[in-house]
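Chemist: Found this in TrEMBL, in case it helps:
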type	residues	note
ACT_SITE	75	active site
ACT_SITE	371	active site
BINDING	45, 46, 75	UDP-alpha-D-glucose binding site
BINDING	210, 234	Mn(2+) binding site
TRANSMEM	443-462	transmembrane segment
TRANSMEM	482-511	transmembrane segment
TRANSMEM	532-552	transmembrane segment
TRANSMEM	572-591	transmembrane segment
TRANSMEM	603-621	transmembrane segment
C-alpha cells in the first residue's frame, strides 16, 4: 500500500481555466449540447425534494437552453419521485427566469433561500415552500391524492402504478415533463428538456445497480437528444456554480488538448460537515490530494458524481470511430410516439442481452464501485481525463451524518473494490500494462483499500493481547531497532499530517480523519471481506444499499456538537467496541506491570500503542458509559463486546 501511494506524489498537477477566453474558440450557438443524468433510488432514503433541488440547480446553468436536457433516473420506480418532478417542472417556469434576471450564483433553491433571507425573496420563496410542503406531505403519506393532480394527463401517468408494480418488478416508465420548444417559462422563453425515467425491472433479470441505471440513461437520452457531452450527478449533489459547463468547455474545445481526453472530473465537496468533521466525511486525501496526483499521470478516476463525459467514450476506444446511436430520432419531438416507443424499448431489462453493454460499452458491470471500475477500464482503452478543481466548488453534496451510515457505505465500497482486485483486469497486472506503471499503481491503491484491515486489525489487538499476557513483542528501549519503529510511526503520521494540512485541512480534522481510517480498517474493511466471500460463494446477495440522506433533528443536533452517533445495535460496531475494551484493559495491565517490575523498557512500545488506541477510542467509551441520549451505544453491543474481549484474552 505504501508503494502504490507513491504514484500520487510523482507528478501532482493543478490546473486553471479562463472562461473569458472561451469566446475565441466558440460562439454560444456552437457549444455542444449537454445531457445531465441525475440518479436516485429510494424516496425514503434520498428525499425527492433534495433530488428536485439538484435538478433545478443544473436546469438554471449559464448555458444555452436549447442545448440543455436533464434526465432523472428513478431506480426505485416511485410515483412519489415522479410527483415531485411534476411539481418541480411547474416551479421551474418561475425559478429559471428569476435566476437569470437576478444573475444569481447560488441556483439551488434550498441553499439560496437559506443564505438569502431578505424580504425581496418572499414571493418566490413562498412558491418554493408550497411546492416543498406538497412534496414532503405526499412522501410522508406514501400516496398521492387526486387533489394534488388535477391535470388529466398527469393522472394517466400515475395509472401505470398498478397493484403488481413493485420497485423490483415493473415495466419501464418514461415521462417527458418539459420539452424544449413546447414548454415556456413565465417570461415566454423556452424551458430545457426534463425527462423522468424508471427502467424496467424483473426479478429474474440482473439490473446491475447504478451502472445499469446509467446505461439506460445513456440509451434513452440517445433516442431523444443524443448530446455529445454528458454530466452525471448523485441525487444530493447540487450545482454551486452556474458556469461549471463553461469551465469544462475550456478543456473540451481547446485544440491544444489531447484528443484522447474523455472526461473532466470535479472533486466532491460536502456542505453541512461540522467544524471538526468527526467522521472524516470530506475524504480530503482522496478528493483534494490524490485526484491531483492522478491528474499528472493519465488522469483522475471517476468518483461517482460531478463527471463531464464525451458521449463517444462509452462506445469504444479513442482509436475507434463508433456509431453512437443507430436509431437516431433526435430531429423529432421527444413526446412523439415514435421516440417514446424507442425510449421504452431501450429501457427494457432484456435490451442488453447478447450485447456489449456493461463490458465494452457504457458504464462497466462487475463491481459495486462502478465509477472506479469504469474509469479504470476507460483508461485501459486509451482515454485520458482531467481533474478540474476551481476555487468555488462546482457541486456541493451531503456526507453521512451518522457512524453506521458511513461504515455501511464503506463496507459496500469494500465489496466493490475486492471485485476489482480479484477480476481478470487486476490493476497491478493488467492496469500497469495497459495504462502505465504509475497509473496502474494509483488504481491499485484504491482497489486494495480493504487490505488495510490486515495491519490495522493486527495492531489493534495483537500487541495489546501480548501485553495482557505480560509478553514483549517489540524491541526494548535500549535496542537500536526501537528507534526504527518510532521513526516509521512518526514518519508515516507526519507525512499524512503534512499532506492534509497543505491541502487546506485543520489539525483537528486530521486527527478525526486518522481515527476514522482506523475505524474503517477495523469494521468496514473486514466486513467487506466477509460479504465479498459470501457473495462469491453464492451465499449472500449483497448489493447496492443506498446511503440514507435523511437526517433526524436530534441526530443533526448531536452531529453539530461533535458527538458520535451510534444508536442502533449494528454488528459493524462490535470490532470497534471490542478493540476499545482490550486496549483499555491492556493499558491498565501495563501500568500494573510497571509498578510490579519497576520499569517500562520491555513494554514501552506496547503501552504507547494501547494508550494511542485509548485516546482514539474516547468517543466509544463515552457512548458506552457516559451518555444517555438516543445516540449512545446500545447495551447489547457493549455486553457482546465484553464477552468477545474476554474470549480473545
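Glycine is treated like the rest: Cβ placed from N, Cα and C.
Can you tell me where each of these features sits in this structure?
Modeler: For residue 75 (active site), the same-chain residues 6+ apart in sequence whose C-beta sits under 8 angstroms from its C-beta are 39, 40, 41, 198, 199, 207, 210, 213.
Residues 1, 4-5, 7-8, 290, 301, 372, 376, 379, 413-414, 417-418, 420-421, 426-428, 431-432, 435, 473, 517-518, 520-522, 525-526, 528-529, 532, 575, 579, 582-583, 609, 613, 648 of the same chain lie 6 or more positions beyond the ends of the transmembrane segment (443-462) yet place their CB under 8 Å from a CB of it.
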Chemist: Go through 46, 371, the listed recorded positions, and name the one with the sparsest Cβ surroundings, counting other Cβ atoms within 10 Å.
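Modeler: Ranked by other Cβ atoms within 10 Å, the recorded positions 46, 371 bottom out at 371.
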Chemist: Fill in the CA-CA distance, residue 234 (Mn(2+) binding site) to residue 46 (UDP-alpha-D-glucose binding site), as an integer in Å.
Modeler: 10
Chemist: Reported as an integer number of Å, what is the Cα distance between residue 45 (UDP-alpha-D-glucose binding site) and residue 371 (active site)?
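Modeler: For residue 45 (UDP-alpha-D-glucose binding site) versus residue 371 (active site), the Cα atoms are 21 Å apart.
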Chemist: Judged by the number of other CB atoms within 10 angstroms, which among 45, 210 is the least packed of the binding-site residues?
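Modeler: Fewest other Cβ atoms within 10 Å, among the binding-site residues 45, 210, is found for 45.
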Chemist: 10 Å Cβ neighbour count around residue 234 (Mn(2+) binding site)?
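Modeler: Residue 234 (Mn(2+) binding site) is surrounded by 24 other Cβ atoms within 10 Å.
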Chemist: Report the largest Cα to Cα distance, in Å and rounded to a whole number, among the residues 45, 46, 75 that the record lists as binding UDP-alpha-D-glucose.
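Modeler: Max span of the UDP-alpha-D-glucose binding residues, Cα based, is 12 Å.
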